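Participant: As listed in TrEMBL for this protein:
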- 20-39: transmembrane segment (TRANSMEM)
- 51-70: transmembrane segment (TRANSMEM)
- 177-196: transmembrane segment (TRANSMEM)
- 203-222: transmembrane segment (TRANSMEM)
- 242-268: transmembrane segment (TRANSMEM)
Amino acid sequence: LFDGVYPFYPQQRKAAVFDISTIIVIVVFLTLACSFLLIIPGIRGRARLYWTLRVLLSLVVGVVIVVVQFTGDWETGWVQANTSYKSFSHVQVNADIGLHVGLAGLNVTLRGNPVNQINETINYNEHFPWEFGADYDLSYSEGLEKGLPSPILYVAEKFSTQSPCAVHRQYRIAGHYASATLWVAFCTWIISNILFSMPVLVYGGYMLLVTGAFVIFSLLSFSTVRNSPMCLIQIGTGTLHVAYGGSFWLILAVGLLCFVTGITVVALHHLNLDLLKAFFDLREDKAEEYQEMPEVFVNPHFVNESL
């Protein structure tokens with residue numbers, strides 16, 4: 001041993017905390033937000049508050065639509081149980097088993113209570129993809145070859161194509177269409193920002209309504225999985241129950257925000273256009289528009305000729 005570690009053998013895999021794609025998306029949008037905050041002092045008066053509110057709300061909508069594509073908590077479930085740790089072994093461990101379902105696959109988490117048991121560190125987080133182009137059964141077979149703990153393989157087997165539960169196809173198709181509609185919502189979000197900057201305010205409001213509609217369509221697409229009967233995931237004496245996770249409720253909140261904002265913009269366009277222009281810093285100063293010229297210079301040569 002070298003400092004308690006076998007130096008010539010592969011190290012034990014660590015549990016993943018964040019997805020790299022999620023971090024990249026968050027960093028990009030944080031960069032845009034910071035860039036805007038650097039120029040906001042140059043905006044005078046009440047328009048500074050309006051600009052800050054509009055830009056930050058727009059960035060929140062955009063980052064949520066993109067980030068939830070890579071998160072793994074559209075559906076989540078946890079159970080604590082005493083279960084066997086390895087196949088063909090009667091050794092029992094006390095652990096928390098978690099299931100995290102995303103649009104592109106699922107993560108199965110195994111965390112011991114305590115983490116160090118039977119001379120091992122029990123802290124796993126294994127990903128099994130099912131997006132188009134990925135082979136779920138191959139990932140499951142590789143897990144068998146690596147000798148992953150029995151609870152992880154048991155949960156992952158429930159979603160395989162050969163499982164009697166027969167939910168693999170439903171989850172795969174539902175996740176694919178939910179992802180596709182979210183990308184369309186992201187495109188309509190970009191178009192709405194372009195229309196607001198042109199400015200064509202009422203059409204920007206309409207595109208926000210379209211964005212909210214596609215966000216809700218993605219939720220409806222993912223919810224169709226609930227129409228399929230799900231096998232019980234029995235681990236020891238406990239049962240792992242799955243419910244909608246944080247990403248599902250977050251994208252629902254963004255969809256409702258798009259609807260409320262779009263309806264507000266369209267309503268103000270028809271009811272109080274001046275207030276809408278003031279919020280978007282487009283109100284014309286009528287005092288300057290109709291202001292008379294204080295001093296006029298006339299060429300006397302042309303005046304005499306005309307007389």
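Using the three backbone atoms N, Cα and C, a Cβ is placed for every residue, glycine included.
A TrEMBL annotation is a machine prediction, not a hand-curated record.
Keep in mind it's a predicted model, so treat the numbers as computed, not measured.
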Participant: Can you tell me which parts of the same chain pack against the transmembrane segment (20-39), counting only residues 6+ beyond its ends and a CB-CB cutoff under 8 A?
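Facilitator: Sequence-distant neighbours of the transmembrane segment (20-39): 55-56, 59, 62-63, 66-67, 69-71.
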Participant: Can you name the far-off residues of the same chain, 6+ from the ends of the transmembrane segment (177-196), with a Cβ under 8 Å from a Cβ of it?
Facilitator: 54, 58, 61-62, 65-66, 68-69, 103-104, 131, 203-205, 207-208, 210-211, 214-215, 217-219, 221-222, 251, 280
